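Reading through the structure tokens given below for one structure.
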Amino acid sequence: MLLNSLFPSILAAATFVTSAAAEDLPPIEIVGNKFFYSNNGSQFYIKGIAYQQNNLDSNSTFVDPLADADNCKRDIPYLEQVDTNVIRVYALDVTQDHTECMQMLQDAGIYIIADLSQPDESINRNDPQWNLDLFERYTSVVDKFHNYTNVLGFFAGNEVTNNVSNTDASAFVKAAIRDTKAYIKAKGYRTIPVGYSANDDSDIRVSLARYFACGDEDESADFFGMNMYEWCGSSSFKASGYESATDDYKNLGIPIFFSEYGCNEVTPRKFQEVGTLFGSDMTDVWSGGIVYMYLQEENNYGLVSVSGSSVSTLQDFNSYKSEILDISPSSVQASAESASGVSRTSCPTNTDNWEASTELPPTPDKDICDCMSSSLKCVVADNVSTDDYSDLFDYVCAKIDCSGINANATTGDYGAYSPCGAKDKLSFVLNLYYEEQNESKSACDFSGSASLQSASTASSCAAYLSSAGVSGLGTVQGSVRTDTSEATTDSGSGSSNSGSASSSKSTSSSTSSGSSGSKSAATAVTVTTLTKIAAVGVSIIVGFGLITM
């Protein structure tokens, strides 16, 4: 009798678990300067943790944190203990499969914000470029992860501009944002926000944020992250600088959050800033933050230490847990935010502290570069190492005008072939030199570094080459190509349909239906908990079955 009375309830619970586990997290959408769940319009606050080994200064290798299912299985329960709903990952290997980790994160109610670059494929502040190689890297990450609805967004750059000496580099990052957004749209993927993560340099931070937020929506950042380390030890809203920062960004018009935070100048960290960040002084402007970082390393920023499959929580973990579980931020509905009509900020003017032009670098277009390369008679030899390119550039460009391959983001002047790859650009200037020397055979040698080829111009190339001009000083309108990426989409769940995130399913039983930061949200039954209930239920059924046999 007892079994008969329990069975319907247990079966119902098990059925609910199966349904919940299969349900995708609703995409997060942007309305005004806030994030919202797309399924019910409730506000979403980022309660995040940076999740990657800190080996990103290397130019060769990095560890993809989402390609190791065992590590994800080990770490996610600890992320859940501190109510994490976002992790930030800084570099991903598109040749790996991420299905298992992404599904485990999905089941735990955790979204990701992923950087599109990797250590040796990123925009270099000292020699900024937005070229075909970078475009293909960025779009390969998009192709790999677009299908997961728990991808909150992408960062197109991290601290690329970090002081007054390199503000021009921001133009290249903004061009990357423009073209990544255009690529997502052209591929028919769901709307996935693309933003930027900045350092907190007092001389440029306001202009930097305004630069990325301003202008046409097709080329502006969808959100802005600030790596904020001003609050150290015991401080306050005013003394920490949080008050002035909040005032600085109150009219930005797009979501802003701490893309890193957690000063460790005073240890152990108390994380008293958490209550302020999610309190009434800041939540109208800020949308939460991402604690730096999960793993303990030499930099002493870790919340846990790891040895193989074993995890040990540190004092910082316990302090953060105490603070983050005690927040109860106010929230609004997307409909109310939409009605408020938040407007975007205006672009900064060029000053001594800000020199990035609002005229952005051109879109990398493989067709244009291929047409140019095929039309050349003198080209760099295939056996020349890319390490030797700089010497050849220096020599040739000291003798001829290389403006056709150069990019000046201060004046907004860009050569027609500036987005092409290094080999194509070097061949172009070698050919210019060769032609200026009346095509003397000796002018296409460079000690064996150059060689002659048969030039050809396809009919489809004529318009490109004519617009660019012989010296590449003309203007050629590139277009976003959708057939350049070699990355394949992971087999994980998620919608790949086009259109706004708001077109997603109207219900989700695996995520909070209210504010992600509220205390009540923390008491919601998670999929993990329900799975345990189902397992217990099955055990009870088996046990009673054995008893009645």
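The backbone N, Cα and C atoms fix where each Cβ goes, and this holds for glycine too.
Annotated features in Swiss-Prot:
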COMPBIAS  336-356  compositional bias 'Polar residues'
COMPBIAS  487-519  compositional bias 'Low complexity'
DISULFID  C72-C101  disulfide bond
DISULFID  C214-C347  disulfide bond
DISULFID  C232-C263  disulfide bond
DISULFID  C369-C420  disulfide bond
DISULFID  C378-C444  disulfide bond
DISULFID  C397-C402  disulfide bond
CARBOHYD  N40  N-linked glycosylation site
CARBOHYD  N59  N-linked glycosylation site
CARBOHYD  N147  N-linked glycosylation site
CARBOHYD  N163  N-linked glycosylation site
CARBOHYD  N383  N-linked glycosylation site
CARBOHYD  N408  N-linked glycosylation site
CARBOHYD  N438  N-linked glycosylation site
REGION    336-361  region 'Disordered'
REGION    479-519  region 'Disordered'
SIGNAL    1-22  signal peptide
Query raised in the report: What is the number of residues in the region 'Disordered' (336-361) that are helix, strand and coil, as DSSP sees it?
Result: 5 helix, 2 strand, 19 coil
Report summary line: The most crowded of the disulfide-bonded residues C72, C101, C214, C232, C263, judged by neighbouring Cβ atoms within 10 Å of its own Cβ, is C101
Query raised in the report: What Cα-Cα separation, expressed in whole Å, is found between N163 (N-linked glycosylation site) and N408 (N-linked glycosylation site)?
Result: 18
Query raised in the report: Of the recorded positions C72, N147, C214, C397, which sits closest to N40 (N-linked glycosylation site) by Cα distance?
Result: N147
Report summary line: Counting other C-beta atoms within 10 angstroms, the emptiest spot among the disulfide-bonded residues C378, C402 is C402
Query raised in the report: Looking at the disulfide-bonded residues C101, C369, C444, which has the shortest Cα distance to N383 (N-linked glycosylation site)?
Result: C444
Query raised in the report: Near the Cβ of N40 (N-linked glycosylation site), how many other Cβ atoms are there if near means within 10 Å?
Result: 16
Query raised in the report: Should C402 (disulfide bond) be counted as helix, strand, or coil on the basis of DSSP?
Result: coil
Report summary line: As a whole number of Å, the Cα atom of C72 (disulfide bond) is distant from the Cα atom of C369 (disulfide bond) by 42
Report task. Using all protein chains in view, find how many other C-beta atoms are within 10 Å of the C-beta of N438 (N-linked glycosylation site). Result -> 7
Query raised in the report: In the structure shown, which of the glycosylation sites N163, N383, N408 has the fewest Cβ neighbours within 10 Å?
Result: N383
Report task. Counting other Cβ atoms within 10 Å, pick out the least crowded of the disulfide-bonded residues C347, C444. Result -> C347
